[in-house]
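Copied over from Swiss-Prot:
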type     : residues       : note
TRANSMEM : 46-69          : transmembrane segment
TRANSMEM : 135-158        : transmembrane segment
TRANSMEM : 175-199        : transmembrane segment
TRANSMEM : 273-291        : transmembrane segment
TRANSMEM : 330-353        : transmembrane segment
TRANSMEM : 369-395        : transmembrane segment
TRANSMEM : 417-439        : transmembrane segment
TRANSMEM : 517-535        : transmembrane segment
BINDING  : Cys559, Cys568 : [4Fe-4S] cluster binding site
TRANSMEM : 575-596        : transmembrane segment
TRANSMEM : 643-665        : transmembrane segment
BINDING  : His654         : chlorophyll a B1 binding site
BINDING  : Met662, Tyr670 : chlorophyll a B3 binding site
BINDING  : Trp671         : phylloquinone binding site
TRANSMEM : 707-727        : transmembrane segment
Amino acid sequence: MATKFPKFSQALAQDPATRRIWYGIATAHDLESHDGMTEENLYQKIFASHFGHLAIIFLWTSGNLFHVAWQGNFQQWVLNPLKVKPIAHAIWDPHFGQSAIKAFTRGGVSYPVNIATSGVYHWWYTVGMRTNEDLYFGALGLLVLSTTLLFAGWLHLQPKFRPGIAWFKNNESRLNHHLSGLFGVSSLAWSGHLIHVAIPESRGQHIRWNNFTSTLPHPEGLTPFFTGNWGLYAENPDTAQHIFGTSEGAGTAILTFLGGFHPQTQSMWLTDIAHHHLAIAVVFIFAGHMYRTNWGIGHSMKEILDAHVPPKGRLGAGHRGLFETITDSLHMQLGLALASLGVATSLVAQHMYALPSYAFMAKDYVTQAALYTHHQYIAGFLMVGAFAHGAIFFVRDYDPEVNKDNVLARMLQHKEAIISHLSWVSLFLGFHTLGLYIHNDVCVAFGTPEKQILFEPVFAQFIQAASGKALYGFDVLLSSSTSAASVASSKIWLPGWMEAINSGKNSLFLTIGPGDFLVHHAIALGLHTTTLILVKGALDARGSKLMPDKKDFGYSFPCDGPGRGGTCDISAWDAFYLAMFWMLNTISWVTFYWHWKHLTVWGGNAAAFNESSTYIMGWLRDYLWLNSSPLINGYNAFGMNAQAVWAWMFLFGHLIWATGFMFLISWRGYWQELIETLVWAHERTPIANLVKWRDKPVALSIVQARLVGLAHFTVGFIFTFAPFVIASTTGKFA
């Protein structure tokens with residue numbers, strides 16, 4: 001007899017209704033709820049899955065390299081990075097007519113292709129790759145690594161090679177290895193690659209395995225390192241006239257602190273980047289030897305945390321209990337990891353355009369826009385996930401005795417103050433920002449645009465001036481040539497930095513005005529409201545005045561019946577659900593702002609943003625509507641063009657998004673009645689009633705239907721905005 005799905009839960013497998021399938025899918029990854037799951041087995045399964053995850057990532061990157069080498073135009077692109085469009089892969093589609101084949105045949109090849117907007121060409125070029133053979137070698141290497149990781153994942157599930165629970169909870173050893181190995185040694189290896197391969201390649205010197213050991217990356221070799229004369233490595237850097245990829249204007253320095261950008265590529269100096277990674281390596285390798293393991297020397301994490309008790313008693317027991325709490329809670333660990341990675345991903349989005357590290361990418365506007373949008377959306381998902389697992393921690397793992405009067409307990413005790421302050425900030429930001437926008441709309445609508453309320457963002461301008469931007473005339477710190485900050489760094493990195501920050505050729509500290517001030521506060525509203533919902537969801541996850549026993553109902557529950565009718569929508573899951581909508585809206589405001597600002601800056605018409613961004617109709621008309629032209633006209637009665645695929649995606653993105661509302665607005669009873677009516681009709685329809693099913697059809701629960709609605713809303717949201725960003729930018733600058 002075949003075992004019914006799901007195998008991990010006998011109770012669900014024996015459920016006679018279709019909820020068996022839906023609850024099975026819903027709890028497939030809730031490993032700790034599975035039958036017979038022990039703590040040790042849980043850790044082992046998660047550990048093994050990490051290898052599978054890494055294998056998938058490396059297989060995917062191997063596929064990128066392979067398809068570009070096979071179907072792309074990397075070697076042609078290398079010869080002219082500013083003019084040749086980089087190809088991701090070829091397209092074969094039976095729907096393509098002659099006009100489509102013609103429209104999608106570009107990039108100097110004779111077959112239809114997709115253009116790459118991920119920046120991989122710029123990355124591979126910058127790190128020293130030049131030929132398709134290089135790409136094939138990379139693809140093969142990653143394929144081998146992927147296979148090795150898959151084997152390692154399988155191996156660590158075998159009884160002999162399963163680590164024990166003590167190994168997983170050995171925090172100091174894990175921290176040492178991750179700091180030294182993961183961050184330190186990998187940074188050292190990367191700086192080594194830059195020094196030995198990428199920097200010589202940028203100077204026209206081809207280094208591969210055949211001459212790797214016989215070619216010195218610096219004329220003095222290791223002598224300056226062993227004699228302590230490290231400054232030699234910074235002498236004779238590339239000149240401002242250096243032609244990237246050639247020896248013309250090239251220097252010999254390998255570790256510099258020039259600041260600013262390479263004039264031709266508009267990317268950071270490779271020698272600065274190598275220096276950065278070497279410094280990171282030293283710091284992290286040192287940090288990875290600080291924690292106590294085998295020899296009883298170094299820091300004990302528990303001792304450090306237990307000692308963190310402020311003397312005046314304002315934080316009670318301080319960090320006591322946190323070591324045990326974090327060690328024993330995977331949800332707490334995951335929450336902290338997701339929050340850290342979320343912040344890092346958002347920072348990547350900000351830095352990739354402001355301080356581009358890849359040659360010529362600053363001039364590939366479509367790639368710049370795609371990468372910014374991509375990283376900000378991912379950051380949003382990671383941050384919401386962090387709070388979701390924080391809430392699950394409070395429901396499942398939080399022990400009041402272990403955490404008695406420590407910072408966690410005091411967060412729970414002060415939750416009313418925390419939540420009400422966040423609420424006040426959100427209300428203040430919302431009413432004032434919207435009030436200003438609407439006032440300005442009224443003024444423009446009634447023919448008195450000069451009466452708009454326009455605030456100059458003086459504090460932000462002051463910060464820009466402190467970093468060296470001279471335009472505002474503040475004459476402070478780095479924008480003052482006589483300040484201590486300027487004098488201290490004037491001989492090192494400051495000349496390059498000052499040239500960059502005051503140049504109109506990059507996105508470093510863009511000039512800001514009233515439109516930026518308003519949208520900044522609109523984004524602040526979104527961030528604070530999302531945070532309010534998530535923080536409230538986590539802090540109220542164990543219980544509230546309305547429902548003190550909430551933790552007994554678990555992370556997600558629809559309602560606690562008619563007896564306590566006010567208990568709908570108050571589970572921690574509901575907070576996550578609501579926060580997702582706010583997160584998506586906030587990230588869209590962030591990306592709208594970034595994209596519109598850059599479209600006008602790149603087009604040499606910054607005034608268009610400055611004039612139209614101070615009122616809401618300006619955003620709707622001059623950003624969204626005006627830039628949707630390539631999407632609306634990708635295909636029409638007269639034919640199609642290369643934007644047709646984005647136009648089509650823009651359309652079906654809207655449709656998926658709209659489908660979400662069907663599940664979000666109609667609730668369970670409607671679906672149950674509909675299903676029962678359909679079953680009645682099916683059973684009375686000749687021929688159709690020959691088909692029977694074992695499970696009794698039952699509508700999705702409220703929580704599940706909301707998840708289906710949210711999934712459609714989210715996927716549709718992204719499939720609408722992604723093609724908008726790519727097609728509208730391509731339409732202007734391709």
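Placement of Cβ uses the backbone N, Cα and C atoms for every residue, glycine included.
A map of Swiss-Prot features onto the structure.
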residue	record	Cβ contacts under 8 Å, 6 or more apart
Cys568	[4Fe-4S] cluster binding site	Pro558, Cys559, Ile702
His654	chlorophyll a B1 binding site	Gly716, Thr720
Met662	chlorophyll a B3 binding site	Gly709
Tyr670	chlorophyll a B3 binding site	none
Trp671	phylloquinone binding site	Ala699, Leu700, Ala705
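With a cut-off of 8 Å between Cβ atoms, the residues of this chain six or more beyond the transmembrane segment (707-727) that come close are 26, 117, 366, 369-370, 373, 377, 577, 580-581, 584, 588, 591, 595, 627-628, 630-631, 634, 643, 645-647, 649-650, 652-664, 700. Under DSSP, His654 (chlorophyll a B1 binding site) is assigned to a helix (H, G or I) in the three-state scheme. Cβ atoms under 8 Å from those of the transmembrane segment (643-665) belong to residues 100, 103, 628, 630-635, 705-706, 708-724, 726-727, 730-731 of the same chain, restricted to positions at least 6 beyond its ends.
If you look at the transmembrane segment (135-158), the same-chain residues 6 or more away from its ends with a CB under 8 A from one of its CBs are 44-45, 47-52, 54-56, 58-59, 61-63, 65-66, 68-69, 74, 124, 129. DSSP assigns Cys559 ([4Fe-4S] cluster binding site) to coil in the three-state reduction, outside any helix or strand. Residues 171-173, 175-181, 183-185, 187-188, 190-191, 194-195, 198-199, 234, 254-257, 298-301, 357 of the same chain lie 6 or more positions beyond the ends of the transmembrane segment (273-291) yet place their CB under 8 Å from a CB of it.
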